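Undergrad: So that we are looking at the same thing, I have put the structure below in structure tokens.
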Amino acid sequence: WPVRSAAPSSSAFISANHFSSDDDSSSPRSISPSLASVFLHHTRGFSSNSVSPAHDMGLVPDLPPTVAAIKNPTSKIVYDEHNHERYPPGDPSKRAFAYFVLTGGRFVYASLMRLLILKFVLSMSASKDVLALASLEVDLSSIEPGTTVTVKWRGKPVFIRRRTEDDISLANSVDLGSLRDPQQDAERVKNPEWLVVIGVCTHLGCIPLPNAGDFGGWFCPCHGSHYDISGRIRKGPAPYNLEVPTYSFLEENKLLIG
């Protein structure tokens, strides 16, 4: 068998009609049909794989929606749910309306907050009627010694008694050990001449009668409690002495209660 060369020259694979050897340029070489078909197959495959569409050729590749939105951005569209229309951002008709609504809402909100704050502050300050009831000025110049006057303060009666020297001596001579609610007379008065007490019985809230009872002070007709000239309980069911309110002397003959 004749021996065939394992690797033919590259010039033989191209074509016998285009290339020839240096020794014999006039006689073309023949090529095997099987080798020519293999060479053409690989050449066509290489050419078809190497040629691909490029972006600069005007072809748009198929991209995912998110990538396409990033590479091809467009203006955002705002959907109007009320009119079922689409308006681009910053539409003049919608911008003016939104500005009016926001400004009006802020004004109304500020007005409501102002009213609430004023109402809260005014509610904390006392009215004139309350201030008038909180304190009471009493002129003492018309009260005679040994007499009692009754004034109204915070809806309660207040007894003001101008005591005589005998009244003062009698109040100081009482044995504290015999008292149900022991209290010295000096602890209950700021000026020995004047006794100021709230005219409400400490038993059940009745109003005692002045210049009555067994001890020359007050007597409660409801349940028979007796108070002395210093307003201390001496007899009866009342557990405590008559209450002494807060008071002060503005002048010699002017008293401020409260």
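Just so you know, glycine gets a Cβ as well, placed from its N, Cα and C.
When I checked Swiss-Prot for this same protein, it listed these features:
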TRANSIT   1-46  transit peptide
TOPO_DOM  47-95  topological domain 'Mitochondrial matrix'
TRANSMEM  96-118  transmembrane segment
TOPO_DOM  119-258  topological domain 'Mitochondrial intermembrane'
DOMAIN    161-256  domain 'Rieske'
DISULFID  CYS206-CYS222  disulfide bond
Undergrad: Using Cβ-Cβ distances, find the residues under 8 Å from CYS206 (disulfide bond) that belong to the same chain and are at least 6 apart in sequence, listing them in sequence order.
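TA: Result: VAL200, CYS220, PRO221, CYS222, HIS223.
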Undergrad: Per DSSP, what is the helix/strand/coil residue tally across the domain 'Rieske' (161-256)?
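TA: Going through the domain 'Rieske' (161-256) residue by residue, I get 14 helix, 30 strand, 52 coil.
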Undergrad: Please work out the number of neighbouring Cβ atoms within 10 Å of the Cβ of CYS222 (disulfide bond), leaving out its own Cβ.
TA: 15
